[in-house]
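So the structure is just underneath, and the comments pick up after that.
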Amino acid sequence: MERDSNTAKSEIFYSNPAIWRHLKDGKGEGMSKSEKRNKHGCRNFTYSIWNCIRPGGWSTWSKWSKCREGIRKRRRTCNNPLPIGTTCSGQKVEKQSCAISSNVPEYLFGSWTSWNPWSRCDCDRSLRIRTRHCKGNSCEGCDKDYEDCRPDECPISKKWSEWTDWVNYGIEQVRFSAWCSSSNVANTEVGIRKETQDSMKHANWSEWHMHPGVAYRYRLLHNSSISIEHHLLSRFTSSCLPLHFAIPIFCFCILTGFLLQNIIYCVVNRFKRRFIRLNYSYDSNPRDYPSHLIRSPGSPKDESFW
């Protein structure tokens, strides 16, 4: 099978029986061609894919670029001819040191001016500043520089914050305020001040506390002439029990009294009956017995009394 030779630009290999030789006719890129003859002398051509390797070549160097930042450049391309299966050896870009001509406008390449003098100290920030300007297109670096003020450049100032709201703490109220004293950021002091005043309300009564023989409760009072500075704790004791203690005790007393009354009644009746039985004896004359102790003949025997 033959390949179209119009697209071929590489070398091909031609062989006379078993002998290969190079043909530079520009046909059969990447192909190999062999020729053999049979015993009758007839020619026979065969084609096969051949891994052809061809080194490439460099084009001519381009012109030098303009000098920028002390360097200029030029380039070349690996296409003369194009390599097959390999690359061109050597550098693609060449650099060379150069000097900027004095007639090149300065604005094309930026440069800094010298630093301006330091400004006066900004006591609010405790800093001072100096500046410089870029002449040209662009410059690397900062256009501002800062440093701390000296301790003697700013007067010492003290500032207070607003007071907080009053907060109740028992018999007194408290509020706070913060202050800051500074001459510069390296020498700063911070503090808190506190202010108190008497509360105009009595505290609520506490719960009842029970001890042997006494029940008491207490509350914190608004300070009087005796306890204005000391905030003395005043306790109030009550001679009456609270209702939730009095009701159970009252019920217990009623139940105990009822039981004691029945017990005493039974004991008294018991002794009374025995006393009557011991003081009366039986004799032949029924008239000597009380009428309620005389049992008529035939009456049922009831000895519950005895």
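Just so you know, glycine gets a Cβ as well, placed from its N, Cα and C.
Taken verbatim from Swiss-Prot:
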- Cys121-Cys149: disulfide bond (DISULFID)
- Cys123-Cys154: disulfide bond (DISULFID)
- Cys134-Cys139: disulfide bond (DISULFID)
- 55-102: domain 'TSP type-1 1' (DOMAIN)
- 109-155: domain 'TSP type-1 2' (DOMAIN)
- Trp58: C-linked glycosylation site (CARBOHYD)
- Trp61: C-linked glycosylation site (CARBOHYD)
- 240-260: transmembrane segment (TRANSMEM)
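Each residue of the domain 'TSP type-1 2' (109-155) gets a DSSP state, and the totals for helix, strand and coil are 0 helix, 15 strand, 32 coil.
Ranked by CA distance from Cys139 (disulfide bond), the recorded positions Trp58, Trp61, Cys121, Cys123, Cys154 have Cys121 at the top as the closest. The number of other Cβ atoms within 10 Å of the Cβ belonging to Cys149 (disulfide bond), over all protein chains shown, comes to 20. Counting in whole angstrom, Cys121 (disulfide bond) lies 8 from Cys154 (disulfide bond) by their C-alpha atoms.
When DSSP labels each residue, the domain 'TSP type-1 1' (55-102) comes out as 0 helix, 14 strand, 34 coil, counted as helix, strand and coil in that order.
For Trp61 (C-linked glycosylation site), the Cβ neighbour count at a 10 Å cut-off comes to 11, with all displayed protein chains included. Proximity to Cys149 (disulfide bond), judged by a C-alpha distance within 10 Å, picks out Cys123 from the recorded positions Trp58, Trp61, Cys123, Cys134.
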